[in-house]
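Asker: Relevant sequence annotations retrieved from TrEMBL are reproduced here:
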type	residues	note
ACT_SITE	64	active site, proton acceptor
BINDING	65, 68, 70, 72, 74, 86	Ca(2+) 1 binding site
BINDING	164	substrate binding site
BINDING	194	heme b binding site
BINDING	195, 246, 249, 254	Ca(2+) 2 binding site
DOMAIN	23-325	domain 'Plant heme peroxidase family profile'
SIGNAL	1-22	signal peptide
């Protein structure tokens, strides 16, 4: 098991040995905007105190950005009469506005400092804001590699087949994450982000109403949990009604998500399969047994995810407005 998980000592060595990836560096803005991380952190904290939704909304925004065209802020671009952008793809319409607003406010705060104006990319601001919301929710604080440029393309057609779906099995999840150089264990660690946030009923009600069994209920679901989901999401429920991904500690970034999987309380099929499939069960048990092990693996996986598809000065720029290329 230790072979597939990141031991704490190795994590420290891993992060110190990977100070740069391509042009990424922890100190990228040392001269151009030395206080950028504190500026972003204060803006994010202000937004967090307005609504907890800031946490899952920003975190999900980062994932959806990196999985399509890489971590280049392309998810932030607004559609125009001549271009339908990523954010208007059906798979992105459920992204909460608080995530976009978090980046907008942090960008405004950074650009309000004369030394920093138009020096910090929207992609980097999103990466920093994501780290900050995780920490604010009780998760690990980690150093973020910086130096991303903003992408020059954002098209809804690029999203097709690029994001994990609630009904995915382990093979489908592994294939999608492997495309970005992420291992199965890293995929499982990143799935732990479902310890915060919520989902609309239509994303999972097939598991309690239309499953291919006599009872019509997914047998991998805990019966009491299934009954609770039915009560919160009746057949004629308003599509805007949402349910917490983690029914136990929905406002805490912890390893309870994995403990829920052990009890049949994974909201999506793609969550519960991590425990029911023998190939991934050991990692789930390891993360459930130790919040420290989960946090270490999550940080390592997030660092690796943050390097996906990074743009440079040749194929990117720094946007003055995150919503406009």
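All positions are counted from 1 along the displayed chain.
Glycine residues also receive a Cβ, built from the backbone N, Cα and C atoms like all the rest.
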Asker: Check the Cα distances from residue 246 (Ca(2+) 2 binding site) to each of the recorded positions 64, 68, 70, 86, 194 and keep only the ones within 10 Å.
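Answerer: Near residue 246 (Ca(2+) 2 binding site) by Cα: 194.
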Asker: Tell me which residues of the chain lie with their Cβ under 8 angstroms from that of residue 70 (Ca(2+) 1 binding site), as long as they are six or more apart in sequence?
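Answerer: Expected: 151, 308, 309, 310, 311.
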Asker: With Cβ-Cβ distance below 8 Å and at least 6 positions apart along the chain, what are the contacts of residue 195 (Ca(2+) 2 binding site)? List them in sequence order.
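Answerer: Counting only residues 6 or more apart in sequence, the Cβ neighbours of residue 195 (Ca(2+) 2 binding site) under 8 Å are 245, 246, 249, 252, 253, 254, 255, 256, 257.
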Asker: Using C-alpha positions only, work out which of the recorded positions 64, 72, 74 is nearest to the residue listed as 'heme b binding site'.
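Answerer: Result for the residue listed as 'heme b binding site': the nearest of the recorded positions is 64.
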Asker: Cα-Cα separation of residue 72 (Ca(2+) 1 binding site) and residue 64 (active site, proton acceptor), in Å?
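Answerer: One finds 11 Å between the Cα atoms of these residues.
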Asker: By a simple count, how many Cβ atoms lie within 10 Å of the Cβ of residue 72 (Ca(2+) 1 binding site), its own Cβ left out?
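Answerer: Excluding its own Cβ, the number within 10 Å is 28.
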Asker: If the Ca(2+) 1 site is taken as the center of the Cβ atoms of 65, 68, 70, 72, 74, 86, which further residues of that chain fall within 8 Å of it by their Cβ?
Answerer: 64, 66, 67, 69, 71, 73, 75, 151, 154, 158, 309
Asker: So around the Ca(2+) 2 site, 195, 246, 249, 254 aside, which residues have their CB within 8 A of the centroid of those CB atoms?
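Answerer: Here the non-site neighbours turn out to be 196, 248, 250, 251, 252, 253, 255, 256, 257, 260.
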Asker: On a count of neighbouring CB atoms within 10 A, which of the binding-site residues 65, 86, 246, 254 is highest?
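Answerer: The residue with the most neighbouring Cβ atoms within 10 Å is 65.
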Asker: Give the mean pLDDT for the domain 'Plant heme peroxidase family profile' (23-325) on the 0 to 100 scale.
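Answerer: Summarising the domain 'Plant heme peroxidase family profile' (23-325) by its mean pLDDT gives 96.
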Asker: Non-local Cβ contacts of the residue listed as 'active site, proton acceptor' (under 8 Å, 6 or more apart, same chain)?
Answerer: 75, 86, 91, 92, 95, 163
Asker: Who sits close to residue 74 (Ca(2+) 1 binding site): which same-chain residues at least 6 apart have their Cβ under 8 Å from its Cβ?
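Answerer: Listed in sequence order: 65, 68, 85, 86, 150, 151, 153, 154, 158.
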